[in-house]
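Engineer: My structure is below; once you've seen it, I'll send some questions.
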Amino acid sequence: MQSWILLIILGVSLGLAAAFIDVLAFDWGTVDQRSSTQEQRAAWDFLKVELLHTQFYTFPSGWGVYLAFASLFGALASILVVRVAPDAAGGGTPEIKTLFDGFTTSNYLNFKLFVTMALSMPLTVGSGIAVGKEGPFVQLASSLAGAFHGFFPTYRNSEFRKREIIAVAAGSGLAVALGVPIGGTLFALEELAAPFSTRGLFHGYFCALLAYITLQYVGFGGKHIFQFSLTRDWLPIEIIGFLAVGVFGGLSGAFVIKMSQAVGRFRKKHWVRRHPILEVVLLTILTGLLCYPNALTRLDASELLAYLYQECEESNYKQLCDANMRGTTVALLCIAIFVRVNLTIVSLGLKIPAGIFIPSMVWGSLFGRLIGIGMEFFQINNPGLSVFSSCVADKPCVTPALYAVLGTIAGLGGITRLTMTLAAVFIEMSGSIKYIIPCMIVIMTAKSVADIFGRESMTEAGVRILRYPFLESAESLSLNIIDRPIHESMTPFKRLVVLRKTQFTLQEANRIVKENTGFRAYPVMKTLEGREFLGVVNLPDIIRAIEDAKNRGFLENSEDTVSNVRGSIHLTEIVQAIDEVKG
């Protein structure tokens, strides 16, 4: 019963939080665009923005207002993060993935982190910085689970159950961020390696569904901003265009991962590391200077995606489909891709909530629309080719909007290296399987191309940059010792320094820590004779237990065991978690 109560509370809370953040993000993300004259406000109305209109290059005063609001929002977001909850910075997924890998950090997933992220994420969107709020939703949801689970003994006293509910929340966070409950649950499995049992997987889906229903009811109430609807079918010749979109997704993903690592190393060695708030303000100004002249970079990312997903008959960007302005449109798309990619590279690592999902979706969608325009131009100028025999004269045949949607999936694939999750996301966004073959072609192409330059996803690269402990997969390890005898690569048991579960005294713990200063963690065995491995306890936890024992006067009696000390609770949690897994 505790599980279902917690799931209901968590699901409803996430839905409400997502609706709150989405409303603030939209209002704050467009306030600078709606702040000068009545004429400019009308031009920036959600349904009336026109690409390449005479208002496309607005007055310098409007530019100044845009920069002022953007800088203010960026500074406020950074101040919140730096002063209140530094753990709110970044994309959040590296920390959660490390947690699921078995590493126990301090109790940073708490309500303070949740509130900080809930306020700073809309401010980040309002600043216009080329990052997204959807990735940090994973950490925000996990922090909410971390705050709630302590009220339920079933989860408070079990490290395994605690990780499971955090995994449920992580998947639900992405579900409400992108509007994909199935995709969110699969994301927790495929990308975060969440510790789901069969029961936990069902709990994850239930929580994601409940959170999404709550968001629909109190937020959008209907169509999610990432959903789309296409009417025309695709042609076999268009597979060439699909492959091109996939190749770009893989190349761009690999490029951004490599360059963001280089920027991260640069940031650690120079003055910007000591002035994180100033860095955010300066980069906000740079972003405004580069993005404001072009509507494709000035628009909020979510609004831009919504327009790029529309077919020409429906699009309010009339010039996207104007044959007379095709050259200018192509040039602006190319500029937007270049600006978005490079601004994202330097923006990742700022002391603000900075996700990579939406930026990768944006540059992928822009490139997809570019390829779609090219394929459409080719079909219009070669209507007599046999590959276009099914097309009706004077009727649209190739759909650039389809390429924009596929570009979204390609951009995500290059960054995350996901497959099953992205296919599920695509189906949920489209509401049909009509375009599943192009989707699968793009996903496999993007992943294959990106893997040529390394198999690390952005999340795994973030783990490496932040120097978190992480167990790499076997395929990523070097095999240059394959011919070495296995006994030469192992340590004899008699030389191991281990802790016993039973009859283990505080005096022994104190002696082991003093005599073995080079170790940061110790294996826990049931008995030294049986050699049954139970888990690992970190050195700081042992030291904390010893200090607690000294304060309570236990260390004077050599028969007082570690299990009697409040500071060693991690030992019993490890044993309970293993017992539950075995059961």
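From the backbone N, Cα and C atoms, a Cβ is placed for every residue, glycine too.
A TrEMBL annotation is a machine prediction, not a hand-curated record.
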Engineer: Of the ranges 42-61, 362-381, which one does TrEMBL flag as transmembrane segment?
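Structural biologist: Matching range for transmembrane segment: 362-381.
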Engineer: Short question: which residues 6 or more past the ends of the transmembrane segment (330-350) have a Cβ under 8 Å from it?
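Structural biologist: Residues 51-52, 78, 89-91, 129-131, 252, 255-256, 259-260, 263-264, 267, 276, 279-280, 283, 286-287, 290-291, 294-297, 356, 359-360, 362-363, 366-367, 369-370, 373, 465 contact the transmembrane segment (330-350) from elsewhere in the chain.
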Engineer: Restricting to the same chain and to residues at least six past its boundaries, which positions have a Cβ under 8 Å from a Cβ of the signal peptide (1-19)?
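Structural biologist: The answer is 114, 118, 137, 140-141, 144-145, 148-149, 152-155, 165, 168-169, 172-173, 176-177, 203, 206-215, 217-219.
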Engineer: If contact means at least 3 Cβ pairs within less than 8 Å, sequence distance 6 or more, would you call the transmembrane segment (401-427) and the transmembrane segment (201-219) in contact?
Structural biologist: no
Engineer: Where else in the chain does the transmembrane segment (201-219) make close Cβ contacts, counting only residues six or more beyond its ends and a cut-off under 8 Å?
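Structural biologist: Same-chain contacts beyond the ends: 3, 7-8, 10-12, 14-16, 18-19, 22-23, 164-165, 167-169, 171-172, 175-176, 179, 181-182, 184-185, 188-189, 194.
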Engineer: Against which stretches of its own chain does the transmembrane segment (362-381) lie, if we need a Cβ under 8 Å and a gap of at least six residues from its ends?
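Structural biologist: Tertiary neighbours of the transmembrane segment (362-381) are 238, 240-241, 244-245, 248-249, 252, 296, 301, 304-305, 308-309, 320, 323, 326, 329-330, 333-334, 336-337, 340-341, 344, 388, 391, 396-412, 414.
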Engineer: So what pLDDT does the domain 'CBS' (490-554) average out to?
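Structural biologist: Per the prediction, mean pLDDT sits at 73 for the domain 'CBS' (490-554).
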